[in-house]
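Going by Swiss-Prot, these are the annotated features:
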- 1-21: signal peptide (SIGNAL)
- 27-37: transmembrane segment (TRANSMEM)
- 58-69: transmembrane segment (TRANSMEM)
- 77-85: transmembrane segment (TRANSMEM)
- 80: site 'Part of salt bridge gating mechanism' (SITE)
- 104-115: transmembrane segment (TRANSMEM)
- 120-128: transmembrane segment (TRANSMEM)
- 158-167: transmembrane segment (TRANSMEM)
- 172-179: transmembrane segment (TRANSMEM)
- 175: site 'Part of salt bridge gating mechanism' (SITE)
- 205-213: transmembrane segment (TRANSMEM)
- 227-353: domain 'OmpA-like' (DOMAIN)
């Protein structure tokens, strides 16, 4: 009992000290992120057509906020809103920037997460981003912008991400994420406005972020189920005829009352133990006690107790409760009456409340 109490205290302290990987349900969070973006698909073809070099990598950053809808059984679900500078690609000629493609916009996504370790989630996001793409061209090597050649588009793009998030504290989390944005913008040359060059790249980025979670407080501790143990003892002379294993009709009311109490115990495990007095051979007494235990167990199974949740064992004359009380009793009838407490069936029920 003392060891069990200590174990429950230790478990409670451990649960209180570990931050949940995902925020608590029905709470908000907000954060910032930064990293490196890389443009793919179409950039090389555009640079070749314009006869310029290109630079695909750039700095990216953003802000985000979310609402935690679900956090149960290691599974989390949140909705996230953010605004990003998605990065820029540059056309280069003789070491100078001659063209620039920049992107920024808002995005909305669903974020599903799974807790793999205490405080550590892996997650995936899927959503949509409304992206403004600006195409800037420069008329000379000094970087003077030609406003006549400037263009911009605003288009919806698919947004996807995978990452890992670790709760440093219940209120503070860090994340590492890879995000990709599909088919960004659609560049059209000014001299051919109805013709689209195949340039609407994908943008991949790797970001590190930090977020603050509002209204976390202490992580909820789930109380351990209360253990329930009950023991019932049946006088065999009331339950069975002497030397027999068949239940008497009047035993039904007693067994039904015990079954009513057993049914209040959750996840109950039932152990039925049969005992006899010391009269007779050991072999006969073990056999009789086993048959009596089986009769009681079968009655409970017929009432609804699962067969794999109940066991029956006959112990014969073992563990007498009369001790030496009847040692001086003379005569068979008197001895049988004195040893009546030893002829019993004990029922032990263990489960939770």
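Any Cβ shown, glycine's included, is placed from N, Cα and C.
Remote same-chain partners of the transmembrane segment (172-179), defined as residues 6 or more beyond its termini with a Cβ less than 8 Å from a stretch Cβ, comprise 23, 29, 31, 33, 125, 159-166, 204-213.
If you count C-beta pairs under 8 angstroms between the transmembrane segment (158-167) and each of 27-37, 104-115, 205-213, the highest count goes to 104-115. Long-range neighbours of the transmembrane segment (58-69) within the same chain, counting only residues 6 or more positions beyond its ends whose Cβ lies under 8 Å from a Cβ of the stretch, are 22-37, 76-90, 111, 205, 207, 209, 211.
Packing against the transmembrane segment (205-213) from elsewhere in the chain are residues 23-24, 27-38, 60, 62, 64, 66, 86-87, 170-181: each is 6 or more residues past its ends and has a CB under 8 Å from a CB in it.
DSSP assignment over the domain 'OmpA-like' (227-353) gives 51 helix, 35 strand, 41 coil. The DSSP secondary structure for residue 175 (site 'Part of salt bridge gating mechanism') is strand.
Distant neighbours of the transmembrane segment (120-128): 21-22, 76, 80, 107-114, 156-167, 179; these residues of the same chain sit at least 6 beyond its ends, with a Cβ under 8 Å from one of its Cβ atoms.
If you take the Cα of residue 175 (site 'Part of salt bridge gating mechanism') and the Cα of residue 80 (site 'Part of salt bridge gating mechanism'), they are about 14 angstrom apart, rounded to a whole number. Note on the domain 'OmpA-like' (227-353): its mean pLDDT in the predicted model is 90. For residue 80 (site 'Part of salt bridge gating mechanism'), other Cβ atoms within 10 Å of its Cβ number 19. The local packing around residue 175 (site 'Part of salt bridge gating mechanism'), expressed as other Cβ atoms within 10 Å of its Cβ over all shown chains, amounts to 19.
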